[in-house]
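S.K.: Sharing a structure here in structure tokens format.
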Amino acid sequence: MVRIRIFVLLLTLLLTVAGTLLAQTSTNKDSIKKKDQCAEFYNQRQFEKALEACNKSIELNSKDSNAFDLRGWIKVNLYKYEEAISDFNAAIELDGKNSQAIFNRGYTYYFMNEYKKALEDINESIRLNPEFNRSYLMRGKIGNELQAYEEAIEDLNRCIETDPNWVEALVERGIVYIKTSKLGEAYQDFDKVLKLDPKNARAFYNRGIILVSVENPEFKKNGCYDLYQAHTLGHEKAIKALDHFCSEFKKK
């Protein structure tokens, strides 16, 4: 009789555990489905719908580091930087080796002008995943802001060696070259960018600044043309440069 009772208790326990595991499996599948929907909406740039799907995914499974990371990245695209940082913090607390979440947090700190925090995260993301080249671009951009120009050039050179046509890296390196008075090298970078991306406002602006700084009428004329192009493409500083260097090119 005692053996029968023990058997019944064990059977009940096993059935309870099995039921719990099945429920958890079903919940996890639903969570993954919502996370996949979130990623799809993000890729379609439907950020509000993506956010809604990610919220549901996290409600179903609050232990998924990647779901928090994805939701944080969507919030970055919605310019909700503080909320994004909270999500990246949650992702990293769940998985301290989530290099993508650490990179994304550093990226967000950069756009919040918290460059030292950004540098700490980007360094850690590189330690965890040294093959992710975009980390070196971000570290180059941060180095530029922190006036660590030699280190910035080193990181940007690595990016350009990996991809000689990497427009963002070429623009950033050109800006650092200007700050270090290497105007010839800067000009070459911006000139190449405009061959790759003929509507790059930053390249037009910076190449224009280089040209109008040279004591040569033809160079100044070309520089004013570049500044005018930068202005028509929406560069916010171009109009002041046109006023200062070549008001006759100012858009009327």
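The backbone N, Cα and C atoms fix where each Cβ goes, glycine too.
Automatic prediction, not curation, is the source of TrEMBL annotations.
The repeat 'TPR' annotation in TrEMBL covers 65-98, 99-132, 133-166, 167-200. Residues or ranges marked as signal peptide in TrEMBL: 1-23.
Help me picture where these features are in the structure shown.
M.R.: Helix, strand and coil counts from DSSP across the repeat 'TPR' (65-98) read 27 helix, 0 strand, 7 coil.
Across all of the repeat 'TPR' (99-132), the predicted model scores a mean pLDDT of 98.
Under 8 Å from some Cβ of the repeat 'TPR' (133-166) lie the Cβ atoms of residues 103, 106-107, 110, 113, 115-116, 118-119, 122-123, 125-126, 172-173, 175-177, 179-180, 196, all in the same chain and six or more residues away from its ends.
Helix, strand and coil counts from DSSP across the repeat 'TPR' (167-200) read 27 helix, 0 strand, 7 coil.
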